[in-house]
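> Please find one structure pasted underneath; my questions will follow.
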Amino acid sequence: MGLFGTKKIGKYEIGRTIGEGNFAKVKLGYDTTNGTYVAVKIIDKALVIQKGLESQVKREIRTMKLLNHPNIVQIHEVIGTKTKICIVMEYVSGGQLSDRLGRQKMKESDARKLFQQLIDAVDYCHNRGVYHRDLKPQNLLLDSKGNLKVSDFGLSAVPKSGDMLSTACGSPCYIAPELIMNKGYSGAAVDVWSCGVILFELLAGYPPFDDHTLPVLYKKILRADYTFPPGFTGEQKRLIFNILDPNPLSRITLAEIIIKDSWFKIGYTPVYHQLSDSIKDNVAEINAATASSNFINAFQIIAMSSDLDLSGLFEENDDKRYKTRIGSKNTAQETIKKIEAAATYVSLSVERIKHFKVKIQPKEIRSRSSYDLLSAEVIEVTPTNCVIEISKSAGELRLYMEFCQSLSSLLTAEVS
């Protein structure tokens with residue numbers, strides 16, 4: 001392959017740089033097993049740790065793994081080395097939407113098609129509790145047929161039911177007024193605003209809000225101070241006006257755009273895609289169950305799956321640290337009692353440090369509060385199914401193994 005040198009990551013030959021950010025480079029990759037191209041996002045682990053962005057990287061991986069939609073970039077696998085994290089993704093050959101725009105407006109039919117694909121993808125995310133929060137042309141890619149693909153979920157959020165998000169993020173020209181006000185906000189409404197800015201840019205060739213100084217730019221956004229150039233139709237103006245409403249409570253929703261807007265609906269065919277089979281049943285079980293303070297979400301299920309366990313992504317190999325996960329067909333409270341019983345059986349004491357998390361130590365050193373031998377956390381999957389995550393931070397491996405065996409035997413005996 002002329003495009004590729006001798007550098008390889010796993011089964012992938014690594015070629016030229018096709019994208020670059022603050023903490024990562026995206027390289028063109030070649031899968032030697034099937035002859036296909038991929039995009040390999042290579043993240044500098046040390047730099048991410050230095051900036052405290054571990055959770056953001058994990059969030060991007062988990063989000064991309066969860067979502068399965070033709071207008072969202074797909075993730076294939078994650079490869080970790082001592083210094084790098086490599087996310088192997090679908091290769092989108094057409095480049096960024098921002099390159100296609102280049103201060104030049106699109107034909108109405110092309111703009112509508114891309115906007116429909118954007119809305120369809122974002123609506124798919126929102127229906128699964130995922131909010132992008134940084135939608136902009138630089139994060140929208142085009143494939144060889146001109147179809148749109150949403151990428152870069154590093155700022156995405158999955159809040160608890162009814163929660164308001166509070167982290168300010170996004171790019172200045174595309175952020176919603178409520179982000180500028182630095183108040184709690186709805187991730188759904190923020191994404192809708194960004195979609196409106198993108199639609200304006202598709203039709204005009206430039207964004208509605210732009211200025212060299214941030215204070216002036218923010219004032220324009222807060223007042224929704226923009227002017228339509230010649231050529232915009234009444235239907236286009238009405239839709240953009242309803243989207244770029246500074247009040248998130250009265251701003252049009254995605255459902256209203258899809259169902260009610262006449263301009264949007266021209267030639268629109270919604271895409272219905274399901275979650276991947278490996279997690280579909282788990283997510284369905286979650287949606288049917290009642291919520292709790294420690295209720296597991298789909299992202300945690302993915303993180304616990306054998307093909308995408310991110311728990312050690314930023315940890316150096318250390319023979320003194322161990323982690324085990326055991327399933328329990330009990331309520332969370334009953335599972336805590338099982339943990340206490342298993343610990344007692346092997347002469348360990350249990351101290352609750354959170355509602356569903358305990359510290360486990362040999363009884364004779366209980367007074368030494370700085371000595372943490374084991375910890376066990378109960379994560380509720382459904383009201384009668386839990387996952388117990390057991391971690392060893394210090395002490396003898398023998399005691400850790402004895403406790404795990406004791407708990408496993410206790411839980412196995414009750415279902416046999």
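The backbone N, Cα and C atoms fix where each Cβ goes, and this holds for glycine too.
What Swiss-Prot records for Asp134 is active site, proton acceptor. According to Swiss-Prot, the feature ATP binding site maps to Ile18, Gly19, Glu20, Gly21, Asn22, Phe23, Ala24, Lys25, Val26, Lys41. Annotation source Swiss-Prot lists domain 'Protein kinase' at 12-264, citing sequence analysis. Taken from Swiss-Prot, the feature domain 'NAF' applies to 291-315, supported by sequence analysis. For Ser156, the entry in Swiss-Prot reads phosphoserine. What Swiss-Prot lists as phosphothreonine is Thr167, and the listing cites similarity to another entry. Among the features that Swiss-Prot reports, region 'Activation loop' is placed at 152-178. Residues annotated as region 'PPI' in Swiss-Prot, with similarity to another entry given as evidence: 321-351.
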> Got a sec? Which of these binding-site residues, Ile18, Ala24, has the most Cβ atoms within 10 Å?
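Answer by Cβ density within 10 Å: Ala24.
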> Within 10 Å of the Cβ of Glu20 (ATP binding site), how many other Cβ atoms can you find? Include all protein chains, please.
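Around the Cβ of Glu20 (ATP binding site), 10 other Cβ atoms lie within 10 Å.
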> Find the average pLDDT over the domain 'NAF' (291-315) in the predicted model and report it.
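For the domain 'NAF' (291-315), the model's average pLDDT rounds to 42.
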> Specify the count of other C-beta atoms within 10 Å of the C-beta of Val26 (ATP binding site).
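Step by step: centre on the Cβ of Val26 (ATP binding site), count other Cβ atoms within 10 Å, giving 19.
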> Which binding-site residues from the set Ile18, Glu20, Ala24, Val26 come within 10 angstroms of the residue listed as 'active site, proton acceptor', judged by C-alpha positions?
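Those near the residue listed as 'active site, proton acceptor' - Cα within 10 Å - do not exist; the answer is none.
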> For Ala24 (ATP binding site), which DSSP three-state class applies?
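DSSP call for Ala24 (ATP binding site): strand.
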